[in-house]
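Asker: Residues annotated as transmembrane segment in TrEMBL: 21-43, 63-80, 87-107, 113-135, 147-165, 177-201, 222-239, 245-262, 274-297, 303-323, 335-355, 367-387.
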Amino acid sequence: MATTSERARQWTGPALFSFGFRPFFLFAALWAGLIMGLWLSLLNGADILPLALDPVSWHAHEFLFGYLSAVVAGFLLTAVPNWTGTLPVVGWPLAALSSLWIIGRLAMSSAGLWPPLWVALADLGFLLALALFLAREIVTGRNWKNLIVLAALLAFLSGNALFHLDAASDRFPAAGAGIRLGLGAGIFLIAVIGGRVVPSFTRNWLVKRGHEHLPAPPMQSFDKLCLLALVLALAAWVVLPESAMSGGLLAMTGALHMLRLRRWRGWATLSEPLVWVLHLAYLFVPLGALALGLAILTEAAHLAAASLHVWTIGAIGTMSLAVMTRATLGHTGAALSAGAGSVMIYLAMPAALTFRLIAPLGDDPALWHLLSGGAWMAGYLGFALLYGPRLLRRRPSAE
């Protein structure tokens, strides 16, 4: 049987479709930049898209189920073959899967021109295909420990389906259970996968430099407790978003995950951006939970909106760039070290978050929204500029 790298080399077509991370990381970065530009225009009253949704709901949907779905796909299509020992999706099947993602984006951005059912089917097709791929790989490779990842992906898919049901029922989808379920699934994926890669990559880096004090091994009893608490807190928030019980569970979970992060010794990695950015990204998971829990307990609606951006811009935005840069370097034969350009795109996410948190407090919210969106665009279009050539160029040796 061909190995993962051999399967990639057997594809003689465009390098873009020689490995799953290539098209989806590039598309995710370009779409993240484009939808932010479109959102800023819509926010200022421009009528530039034939949308069926209100602009806020479209913005929320395309962030979660558009951009984030591409990041998740790029990661899973690359990591799962290594987890299971099965062959990767390359070539025309990968091109077909990429096309499903593009069709979904076009459908959602022109939904006013089509029947709602057609739009929903076009949008849901990609995530359904990705879930079927992951299920097949887990079953074929008998890799049962990763059923937790499949469960999170199915929750993400279900959130998207609920979003479309909310839209069809003339409700405000951006405030519905579908968006909360999708966001919760995304945060849970960061907690699961981040809980594996952050301590592992940190340990490897510290061992190479002779450090004796190392991170706690991943997925020990305390980690499982943290994940269980997160599941309970997110489930409560999805179903009862204004309940004091949800707020209390979120605050408790935030404290647990802050302790979890401390066990990984991120402060010892400050000389290597490719490692410390993983810790920075994970930091926003507990910060977002603490902020959201506090907002619910104090009935502060403005704080609730801000706390969601701690998760979306901070945790998801930063972790996506951290994973995309590391995977691209590692699978294209480059040294695993981040240069000045990478540091700049990493720091663009905390900057975007800071500006977004200031927006409702300042005298000119539109200016702060513009600065936040500009920083976000700089981060993701910067990734496309710096890493796009690597994604489009075939690696001479095995991937």
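These residue numbers are counts, starting from 1, taken along the chain as shown.
The backbone N, Cα and C atoms fix where each Cβ goes, and this holds for glycine too.
Note that TrEMBL annotation is computational and uncurated.
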Asker: For the transmembrane segment (177-201) and the transmembrane segment (63-80), does the number of C-beta pairs under 8 Å, pairs 6 or more apart in sequence, reach 3 or more?
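Answerer: By the criterion, they touch.
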Asker: Mind checking which residues of the chain, 6+ beyond the ends of the transmembrane segment (63-80), have their Cβ under 8 Å from one of its Cβ atoms?
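Answerer: Sequence-distant neighbours of the transmembrane segment (63-80): 19-25, 27-28, 31-32, 35, 86, 88-89, 94, 97, 101, 104-105, 108, 123, 126-127, 130, 133-134, 137-138, 146, 149, 153, 156, 159-160, 163, 179, 182-183, 186, 189, 193, 312, 316, 320, 323-324, 327, 331.
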Asker: For the transmembrane segment (222-239) and the transmembrane segment (303-323), decide whether they are in contact, meaning at least 3 CB pairs lie under 8 A, counting pairs 6 or more apart in sequence.
Answerer: no
Asker: For the transmembrane segment (87-107), what are the same-chain contacts with Cβ under 8 Å, counting residues 6+ beyond its ends?
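Answerer: Contacts of the transmembrane segment (87-107) (Cβ under 8 Å, skipping residues fewer than 6 from its ends): 1-2, 4, 7-8, 10-11, 13, 17-20, 23-24, 27, 31, 62, 65-66, 69-70, 73, 77-78, 81, 114, 118-119, 122-126, 129-130, 133.
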